[in-house]
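Before any comments, here is the structure.
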Amino acid sequence: MDEKDILRNLREEEEEEEENQSEETKILISSLPWEIDYLGNKLFKYQGYWYYEDVLQSIPNIHSSFQPQETDIVVASFYKSGTTWLKALTFALVQRSKHSLEDHHHPLLSHNPHEIVPYLELDLYLNSSKPDLTKFLSSSSSSSSPRLFSTHMSLDALKLPLKKSPCKVVYVCRNVKDVLVSLWCFLNANKGVEWGDFSQNEKIIRAENYSFKAIFESFCNGVTLHGPFWDHAQSYWRGSLEDPKHFLFMRYEELKAEPRTQVKRLAEFLDCPFTKEEEDSGTVDKILELCSLSNLSSLEINKTGSLGGVDYKTYFRKGQVGDWKSYMTSEMVNKIDMIVEEKLKGSGLKF
C-alpha cells in the first residue's frame, strides 16, 4: 500500500468516525428539553446550559479532540462582555517580543481580533473533530507559542479537555445589564445576519427589530445561548478560586477603571510580566493604545471588513460602563438585580 492509499484510508476512517459521532449527538439532542429564544431559534438545554443545535454538536468534537498544550491560552467570556478587547490585549501582550508595538505591520493593524484568536466552538470544532489549527494567525507556525483560542462556553463545558491538560484561561465578566444592552444594539446593527442555528431551515419568529423586552425576559429566565448568565460567570469564578494558577477572573469594569493595573495583572498571570525597562519605556501604555476602542475602530480593516456576514465595525460601539441606564426602566433594573443577587448568593461573586 503506497502513501496515497494510506492517507486515503485515514481520511475515510476519520470521516466515518465523524459521521458516527454526529449521529450519536443527534440522538442525544432529540432527547433534550428545548425552548424558543428571542431570535426564533430552538435552544437545547444540555448539562445545565442552553445551546443551538450546531453549537451543541461541537462539544463532543472538543471533548474528543481538543488537546490543550500547557502553554495555550483560552480567552473566555459570555458574549458582549469585552471579548474583542481582551482578545486584542492578550495577543499584544504575549506576542510583544515577536511583534513590536511600534511596527506598522503589527497583525492587529490589519486583522480583526476575532480573526486572530479563533473560537473553539464556532471557528474550529463546529463542523470538524480534527480542524486545521495552523490556519489561524495566533497558531500558524509550529514554533508559535503560546497558541491563542477563545470560547463563549462555560467552564463546566470545557472541564473534560482542560482536566486532561490544563492551560491558562482568562475570563472577562461584565455587568449583565450592560451585556443586555450591548447585545441588543449588536443584533440590531446586524439585521441582515441569520443568527442562531444555521442548520435550522426556518426560524419560528422573524422580526425586523429585535425586542429589547424579549431579550431582557430571556436573560431573566436564564434561557439564552450559553446561559444562564449567572451560572456561566460562577463557573469561571469558582475556577479562579480553586485553581488561580490556571484561571484568571477579570472584570470589564475594572479594566475600564484601572487599565494599567489590570493589564499588568494579566501579563503576570500569562507568565509574561513587564520588565522594569518595559515599564520605563511606556510599553504598558503602548499596548493599551494599540488595543483601545478608539484605535481599533479607526482601522480600515475594522471599518470595512466582515466575517460570517457580520461587519467588524459593529463589534465597536461605546464600550461604556453603565450605558444600561439609558435603556432600562426602574422596574427592569429592580427585577434583574434581585434575580442576580439571589443566583449569586453565597458565591462571593458580586456585581
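Positions of Cβ are set from backbone N, Cα and C atoms, glycine also.
As written in Swiss-Prot, here are the features:
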- 1-11: compositional bias 'Basic and acidic residues' (COMPBIAS)
- 1-24: region 'Disordered' (REGION)
- 12-22: compositional bias 'Acidic residues' (COMPBIAS)
- LYS80, SER81, GLY82, THR83, THR84, TRP85, ARG174, SER182, TYR252, ARG317, LYS318, GLY319: 3'-phosphoadenylyl sulfate binding site (BINDING)
- HIS152: active site, proton acceptor (ACT_SITE)
Taking every pair from LYS80, SER81, GLY82, THR83, THR84, TRP85, ARG174, SER182, TYR252, ARG317, LYS318, GLY319 (the record's 3'-phosphoadenylyl sulfate binders), the biggest C-alpha distance in Å rounds to 15
For HIS152 (active site, proton acceptor), just count the other CB atoms lying within 10 A of its CB, please. 20
Using DSSP and three states only, what is LYS80 (3'-phosphoadenylyl sulfate binding site)? coil
In terms of DSSP three-state secondary structure, what is the assignment for ARG174 (3'-phosphoadenylyl sulfate binding site)? coil
Length of the line joining the Cα atoms of LYS80 (3'-phosphoadenylyl sulfate binding site) and HIS152 (active site, proton acceptor), in Å: 10
8 Å Cβ shell about LYS80, SER81, GLY82, THR83, THR84, TRP85, ARG174, SER182, TYR252, ARG317, LYS318, GLY319 centroid, 3'-phosphoadenylyl sulfate site members excluded: ASP178
